[in-house]
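Undergrad: Once you've had a glance at the structure underneath, I'll fire off some questions.
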Amino acid sequence: MATTGTSCVIGLLADPGLPTELAHRLSEELPAALAERIGDRVCWEVRVVSEPLILDENNRIPIVEHAREKRSTEGWDLMICLTDLPRRLRERPVIADLSTRHRVALAALPAIGWLRLRAHTLRTLAVLVEELSEYGRPAGAAQRGLRRPLERMSAVRRVESPDEQLDAALTLVGLRGRLRLLFGLVRDNRPWRLVPSLSGAIAAAGATAAFGVFFPTIWSMADALSAGRLAVISVFAVTAMVVWMIVHNGLWERPRHLDSRREAVLYNLASILTLVIGVSCMYVVLFALTLLAAVTVISSDYLATRLGHPAGLTDYLGLVWLASSMGTVAGALGSSFESEDAVLQATYSRRERQRRERAKEAREAEESGESGEGS
């Protein structure tokens, strides 16, 4: 071990994107968190390196191999890999893998949490460093320190790792744990990026909404519809766009084997939630812009003349509500002009796109093998 005296150099090896952003932010906060947990007997130094964590043939990150290479070349005493790749162990979502012998751990952001991700990640890193370093702690104390915060999070369990190079894994159990992973995957996809990324869909939605606002027949139709019916139309519009994008771009996963059914359900739910949130964000932006245009261009007197009764804010809202729903349906068709790669880039994180590409290659290889046997 390269540590001299009471100093310790921690290396954070982070995947590009969100893991790197978090690593840089937490590198300044981690020493204080460690001083609070372990004491001020150790001088902590945190260094961050951002590079893609290479996967092995089993789609896993070989952290021990990474540690052997990086710890010596970078001069790190211990290393933590930070990734947005979801990990599972016996159907359980994995928060972290660790090896005290090789002074390395892997933290998977999707299972760490959805809300307050920064705070949860900081606590996870502090716990892992405490486990790996054992500075100033008697034998067995590090493991007790690891259990202490986990006891307050009933969804987290420490289990032995089947990998002989690793000591243990922190996993999520129960419905709460599965939901935590699901929402973590959705957060990692950053669904709000959908709005600026799909130019064709946005253009079609905006043009149709503008047509609806300035077409008098739509005014009368909106005036005749109740708020409940307008809400149903909104739900239909969002659902139509989500379904269209999933079907048209082949985003729905079909399990190739019976044992991969749960995993397929998880990823399909993550896709649905990602698109629902993304399309809903588009709907809100479209509604706001359309309302601004309607209030600016259409005078209340002229609207009242067309409707046959005094016009107020509720009439503008009803008109814009219907026009936005029409625009969203048109946006579904407009998304057809986007390439499949553009939709994947807008919908999923880099790791999820990589996973889907590998799954597609495996499926094509399996199908070609079956066709070869048949011939």
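Just so it is clear, glycine is given a Cβ too, placed from its N, Cα and C backbone atoms.
Pasting the relevant annotations from TrEMBL:
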- 194-219: transmembrane segment (TRANSMEM)
- 231-252: transmembrane segment (TRANSMEM)
- 264-296: transmembrane segment (TRANSMEM)
- 316-334: transmembrane segment (TRANSMEM)
- 348-375: region 'Disordered' (REGION)
- 349-366: compositional bias 'Basic and acidic residues' (COMPBIAS)
Undergrad: Who are the chain neighbours of the transmembrane segment (194-219) in space, where the CB to CB distance is under 8 Å and they lie at least 6 residues beyond its ends?
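TA: The answer is 241, 274-275, 278-279, 281-282, 285-286, 289-290, 293-294, 297-298, 303, 306-307, 319-320, 322-324, 326-338, 342-343, 345-347.
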Undergrad: What residues elsewhere in the chain lie close to the transmembrane segment (231-252), defined as a C-beta under 8 angstroms and at least 6 residues from its ends?
TA: 201, 225, 268, 271-272, 275-276, 279-280, 283, 321-322, 324-326, 328-329, 331-333, 335-336, 340, 343-344, 347
Undergrad: DSSP on the compositional bias 'Basic and acidic residues' (349-366): how many residues come out helix, how many strand, how many coil?
TA: 17 helix, 0 strand, 1 coil
